[in-house]
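Quick notes on the structure that follows.
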């Protein structure tokens, strides 16, 4: 795997892995005051459901998968801070400013980004997001409290902030709303099953899994005879207008990843592929003329599967077996 991507996403991977923890609620609640990674525990999320709103301090570098109220107060100049928010695949995230006390004139800032961005790589990519990149940033120092609530276009969002004066900071509330047709998704877990549906919409949708995985596609419905075409020709499936592609790579942005396979035609699988990349994406391209649907399962590769590849492999950037 790419050391560069691991450095960029190290704490994200720790948070995502923490979802698999099986610790008891009281242990987690006590430990969460000292270890924010434990706040991604599925057990804790279930137990806290009846205690809303959940409240805690926000850290300079943080990630949240819980609804609740979060307060950041600078104890010293904090110049490079970010908080990542992630919901379930079928959720939007709403960020509401309850109170903000920062010095915009003195160089402080508080910005929401619709999606995630790391080292210049964005999810969703510019090709897949409905808004131009510049409009995905909402700067509090420009809008003030005239725009107190900001809703994401997918299950992830983030804030960037700088607070120089000790004692200054902000309080915000995180809520989620149902998304009937989720388009761009980052998976919280390394194992799962999902159906991506694009109903008569001219848009591209990406489902990202930040783990090396085995992908099994069980059903594909497109508006236009059965088959899986490996991406060997320059044309591929792009001339058809509606297709699914499997991408692998070492960054966050799907537009910068390597196409591994095209699925151009409807079929009832399974079609299985092993992708040993740092990030794996199932991406659907839709013309808007049809109702397109793809159902797939995924599971994280075991270490021995990464160490002992078999079949066809693409070793120069990551392991890939069909």
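Placement of Cβ uses the backbone N, Cα and C atoms for every residue, glycine included.
Per TrEMBL, the feature disulfide bond maps to 60-81 (among others). Cβ neighbour count for residue 60 (disulfide bond) (all protein chains, 10 Å cutoff from its Cβ): 17.
When other Cβ atoms within 10 Å of the Cβ of residue 141 (disulfide bond) are tallied across all protein chains shown, the result is 15. The disulfide bond annotation in TrEMBL covers 104-141 (among others).
Take the CB of residue 205 (disulfide bond) and look out to 10 A: across all protein chains shown you find 24 other CB atoms. Positions annotated as disulfide bond by TrEMBL: 183-205 (among others).
Here TrEMBL flags 237-264 (among others) as disulfide bond. Here the Cβ of residue 237 (disulfide bond) has 22 other Cβ atoms within 10 Å, regardless of which shown protein chain they belong to.
Marked as disulfide bond by TrEMBL: 277-318 (among others).
Secondary structure of the domain 'Corticotropin-releasing factor binding protein N-terminal' (53-177) per DSSP (helix as H, G, I; strand as E, B; remaining residues coil): 12 helix, 67 strand, 46 coil. Residues or ranges marked as domain 'Corticotropin-releasing factor binding protein N-terminal' by TrEMBL: 53-177.
The domain 'Corticotropin-releasing factor binding protein C-terminal' feature in TrEMBL is assigned to 185-307.
According to TrEMBL, the feature signal peptide maps to 1-21.
For the disulfide-bonded residues 81, 104, 264, counting C-beta atoms within 10 A of each C-beta gives the highest total at 264. Counting in whole angstrom, residue 237 (disulfide bond) lies 49 from residue 104 (disulfide bond) by their C-alpha atoms. According to DSSP, the secondary structure content of the domain 'Corticotropin-releasing factor binding protein C-terminal' (185-307) in residues is 8 helix, 67 strand, 48 coil.
Geometry remark: residue 205 (disulfide bond) versus residue 264 (disulfide bond), CA distance 16 Å.
In this structure, 183 is the one among the disulfide-bonded residues 183, 277 with the smallest number of other Cβ atoms inside 10 Å of its Cβ. The average pLDDT computed over the domain 'Corticotropin-releasing factor binding protein N-terminal' (53-177) stands at 95. Among the disulfide-bonded residues listed here, namely 60, 81, 104, 141, 264, 264 has its C-alpha nearest to that of residue 183 (disulfide bond).
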